[in-house]
Every structure is written in C-alpha cells, then in structure tokens.
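The structure appears below as structure tokens.
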C-alpha cells in the first residue's frame, strides 16, 4: 500500500470580488493553501490542515471571517464556524460568536472537549472562557470596509442584496497521507443580518461535510439557499452515486440555482484525492495543492499553476 498523496483545497468565498480586492483575495487563499499543505507534507492530519488554512484566512482582513467579518444590523461582528472529521463523522460548530479572533479554533474545541456539536452565542462565549481562549475586543475584528458597508446598508434606499454578492466566507477541505478527509468553514455571515441569525456555515451538511467513505466539501454563497438544499451533503451524495468531484459540484450547484434561485460555490476532495473548485457566482477565490503543484484562480476558467517550492519562495518575500 502506497500512502495517500495529500491534497488541500481552500476557498475565500463566492460572489463578486471587487477589482481592488482581487490581489489580496488571491494572495490570501494561496497563503492558506500553502500553510495547510505544509502540515500535510509533514504527515499531519487533514483536520489540522483545514483548521490551519481557515485560521490563516480568519486572520486576513480580506475575507468575511474572523477579522474583516461583515456587521449585523446593530453594527457588531457575529461569526459562525464548523469543522468535521471524516474518519468518525465527529463535528464541532459555533454560531453567533463575538469577540474571539478564531471561531474555527473554538469549533474544534467543541468537537473535542464537549459531547455536543454546536454551541451558540452566550453558551459559546462561556465555553471559550472555560477553554482560556483570549477575548479580542469586537472593534479589533471590524475593518473600515465592513463599517462602510454596514452604514451604506442602513440607508433607506439601500439594497443589501447588492453587497451580499461580495461575500467571502472561507473554507478548506483536505485528505491526508492516511486517507482521512476533513472540512472546515468560517464566516461573518450576511451584512446587516438580524441579530442571532444562523447561516449555513454552522449547520452540518450545509456549510460543510466530511466522510472518509466519499470525501469532503466546504460551501460558500447565499446561506439560506445552501441550507434549503443541504448543499455540502448533496455534493457528496452525487459522488456516492459515482460522479466525479467536478460533476457532483456542478450538479448540486445547478440544482440549487434552478430549485431555489440560489448562487454559491463549493470545494471538494474525494477519498481518492481528486478535487474540484466550482461556483455559480461571478467569482470565487480558490487555491489547491496536490503533487507539489499549486493551482489557484478567481474567475470562471481561470487557473494558474506553479510548483510549490517556487510559490513558497515568493510567499516568504510577500509576507
């Protein structure tokens, strides 16, 4: 038995990525993919790799997760995150959490340190305290851009839907050398959302799903639509019926579009290491590493490729 070749795929959100943010989005997903791959390359687990990739994007203000999250109707950051282990279907999630830098880390702790799968709001806050997770003042997570957008959306004639197209949920899926798969997804949700709104991200099967028997998926896009079709699980279902990752992703996205008029994107890895990054929106920033080759893109049909060593060399210059 040769060991499995590790693969990681990440996304930085589906929607419309405004010109001035393309470069940052691209650099952010590439950095996250390389960091996750570094863990896999050293024999690390898929679970650690997806958590690390997502943490990297939570810390990057270009994305709607962690620092840079959009604001709810009251002008606060409320975040959702999920992580799932394909080996035993263990999962942990948090929803409507405030004042922590990395919701994905809290989700991992919910999975490993509690008998539960999803903690919300005040309860999640108490659990974070019990786990000694440092509090980050809410202001620290708010960027100028999020505040501007929040104000615009408050104007009586505003159309928040217009801005929703620039979403930026982040996610990662991976398969490690043992053949285990995992997924992780994190988001600040919808701009100007009602307080306490839970989107697809925190919901197992919608925001993500991982099962060694088929593969792993992480989703992004219009949360309410994703929840209606349980998009992450739907993609895996199609793979179980024998479809390739790309075909399964396209079929599921197509169903969501025709059935409920929802747009979004998915990243997928199957249990033999084939991957896909597909979207029905204008754009989705994504990156993947397989066989020491980095691939990445933002727009439909766009795909850059470079050797990992070369990418790492230019990374160290950038960061």
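For all residues, glycine too, the Cβ spot is worked out from N, Cα and C.
Here is what TrEMBL says about this protein:
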ACT_SITE  169  active site, nucleophile
BINDING   197, 198, 199, 200, 220, 221, 222, 223  substrate binding site
> What Cα-Cα separation, expressed in whole Å, is found between residue 199 (substrate binding site) and residue 169 (active site, nucleophile)?
Replying inline: 11
>> What whole-number Å value do you get for the CA-CA distance of residue 222 (substrate binding site) and residue 169 (active site, nucleophile)?
In response: 10
> Are any of 197, 198, 220, 221 (the binding-site residues) within 10 Å of residue 169 (active site, nucleophile) when you go C-alpha to C-alpha, and if so which?
Replying inline: 220, 221
>> Counting across all protein chains present, how many other Cβ atoms fall within 10 Å of the Cβ of residue 222 (substrate binding site)?
In response: 24
> Which entry in the list of binding-site residues, 197, 199, 200, 220, 221, has its Cβ near the fewest other Cβ atoms, using 10 Å as the limit?
Replying inline: 197
> Per the record, substrate is bound by 197, 198, 199, 200, 220, 221, 222, 223: how many Å separate the farthest pair of Cα atoms?
Replying inline: 16
> Including all protein chains shown, what's the count of other C-beta atoms within 10 A of the C-beta of residue 169 (active site, nucleophile)?
Replying inline: 34
> Going along the chain, which residues six or more apart from residue 198 (substrate binding site) have their CB under 8 A from its CB?
Replying inline: 80, 95, 96, 120
> Does anything in the same chain, at least 6 positions from residue 223 (substrate binding site), have a Cβ under 8 Å from its Cβ, and if so what?
Replying inline: 189, 190, 199, 200, 201, 206
